[in-house]
């Protein structure tokens, strides 16, 4: 099978255009192309999008690079004049939306200058740069300047799905045959008898179409929910005088937005104030070099990313007036990249479809030849009647229906159904899957490289210990003051300055007047510590002017700020990784509060304090300062600082992490912790989580990156903890793990984690702590930042894979039996025991209903007691072929005996004996499928009933199938070519079907893969026993 599917191979991440075109061109037998490819990315539209994107990029590039030269030659009279409309005047604004959009889009600094700069522009927009927009003005601003929403693909109505289902070529042919059949039937047999056969097929087609449309419609609603979640971005703004978080969609023109590293610029705007702001505009201009934004180059474009620094911006243009909005409009019909499993099953469907098509043609030819020979033998070859035409039409309808059954259109669509179901469940479990293939790939993950903070720990940080003036003080939980430091006034002043000036966070008042700290958990912990010491954030900020900020950088692992001192001169503050910042110090504040030289003995004592804090699993930071005669023109100094304090921040391990790590280890998934923390802190946390075990290796990033390639590859399998790592170290670790055959999932939250997230097989971004840059480069967003959720994604990934295997096993069995029984019967008896209506019903059981029942089963505990699914593993395993072959042989033998010797065995005689026999065959065949569907719940295990009643979808489908079967046989005989059966015949049909369960038990006792166990998984050598799975 693998040789036949060589054209149906794509990479799970970033598949090549050639591979995508190759498999599409190889899909030759498709009943309904519109439905089959509905959720697959349209390559023509992809090319169209790329062309449009390049055009927009070129337009912006031209505006950016030639604006100054161009503006010199543009005559003022030739420029577009924007006349202020009455509506804008009445709303209290003095500038038009289009004028604002044009100014920012074209980087027109002269226009901004003519409007009086950002301060005057704010006045024209009736907004205060300090107080922000008033909430009461939001509706009028949205009315005049528009909403911050992009054109979206209109939701498809249910009727559109009905129309799509009707585009099935085989169903169209059947409908034509039906119309002809009704016309001829009424003419020859009269009304209403002549309509029965044709009406039966029409009703069956209608039922198939409705069930298909309902299933597809519900699936589309699930994808719409997921799309809405993907577009949720939270931005920080100043409104009503308070700093607050709002949805990007609620942003209006005039809003004052706060930007920091990793944020996406949410709308077009103008720079108000900030420090070292660098913007990555590659998404719009295609330029890889970041653009520096400052007073002289103040324009910010929606969709770009903050690469460095922080700033405040005034929103000037939103929604579809921005270039990003126009770019997003081209994506509305983009579709999803296909997953490897979808592509593989398109290949399986194509191969089986070709076989089915051949059988259908052969069946039609054989039936026609037999019919012609019978007429010739009877001497009526020259006499043809309308009844003969109806017979031939019936033969043709049966052949077309065989194609309906034989082409397993549901195989690739079942993958989409299963993934949609899994993604919906994961969303409720706090994991947002951005790319379909990631859910699939997670089932093969062999390694998870996880961050520590927020993922393994709670991310609720507090300063637990502090070393200052040669004393260690511990947090007093019961006390009001929390810390009794007894510091001199001068030392306390410097400490509070270092806390409140050197921070990227803010202390604000909410609407109720309560104090609220906005920022990262580490920053919040230090600011809270400063507030407990009696510090006043606002007073400190007003007292000193900030001259320069160097935001926290994961490479330098420190943050610095320079402030002007009231009496002249400047003071630099720095805080960061304790052992790194300690090396920058020359002095230390002693027990008397005086600055003294930092001797080797003092360095040793402070290092012991740091090590002691770290061994208690505390994150350690040093707070230092340096006085300067004047502000430096370049970067802030790297040495000569005075040590003030070492703080130990407590971040408790999440309660369920240890169990989740053990679950991964039992499932053959290695968990590695990659953190920027001190190695002692990292080892302590890793031991508590069960990650760092005997024989494992803990290594620092600096040591790892200096290793020669051959040594690096040798130790990588042993690494369990990497401390003081840089984002580049994480990327190197991930790429080397992939080279040795590991399927790697990696977590990330910072801007610099983007390369590692992109490189990994599955990138997992943190939903709470993660930046927009990290989320955009991730495949899955862990919305609660919890490691347990990551394990849940792996569990569902395995469930999707095995659910599709169950469905494929079930469907191929039905395919084989339906094809052979009709073909053999046609060759021997000259008639097919299963009519067109009956085959359509069987097709619905095995296609839409079968997919619903088997492809949506929730994961069971046993899935995480097996190793990961090997990427090279054959999807249809030997075990599956054994089950398919065994069940097919049993069903063919039983149905063959009934077909050829049923009348004598069942003692049937009389005019309706043939009709009774064919109904018994049809009923037995359907019940074989019902019981085989239950068998398919477990490919290898004997107990197929475990957890069956926990899946309401499965039990619901089973119930509906049986109820409809009773209705078809007992009440719809005129349409379905059946007759009511006696209770004995019903019992026989059910008995024949139920015996397939005994056959399944016997088959599962036949070993076919000695080194494998449970559906293609290798048995874990030291894992839990197979009985527990």
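First residue shown is number 1, and so on along the chain.
Placement of Cβ uses the backbone N, Cα and C atoms for every residue, glycine included.
Among the features that TrEMBL reports, domain 'Cation-transporting P-type ATPase N-terminal' is placed at 106-186. Here TrEMBL flags 169-188, 194-214, 351-373, 393-422, 812-832, 914-931, 952-977, 983-1003 as transmembrane segment.
Most Cβ pairs within less than 8 Å of the transmembrane segment (812-832), among stretches 169-188, 351-373, 952-977, belong to 351-373. Residues 196-197, 199-200, 203-204, 835, 837-838, 841, 845, 849-850, 852-854, 856-857, 915, 918-919, 922-923, 926-927, 930, 933-934, 937 of the same chain lie 6+ residues outside the transmembrane segment (952-977) yet bring a C-beta within less than 8 angstroms of a C-beta in it. A contact between the transmembrane segment (169-188) and the transmembrane segment (393-422) is present, since 3 or more of their C-beta pairs, 6 or more residues apart, lie under 8 Å. Under 8 Å from some Cβ of the transmembrane segment (983-1003) lie the Cβ atoms of residues 882-883, 886-887, 890-891, 894, 906, 916, 919-920, 923-924, 926-932, 934-935, 942, 944, all in the same chain and six or more residues away from its ends.
Under DSSP, residues within the domain 'Cation-transporting P-type ATPase N-terminal' (106-186) fall into helix, strand and coil as 51 helix, 3 strand, 27 coil. Across the domain 'Cation-transporting P-type ATPase N-terminal' (106-186), the prediction's mean pLDDT works out to 88.
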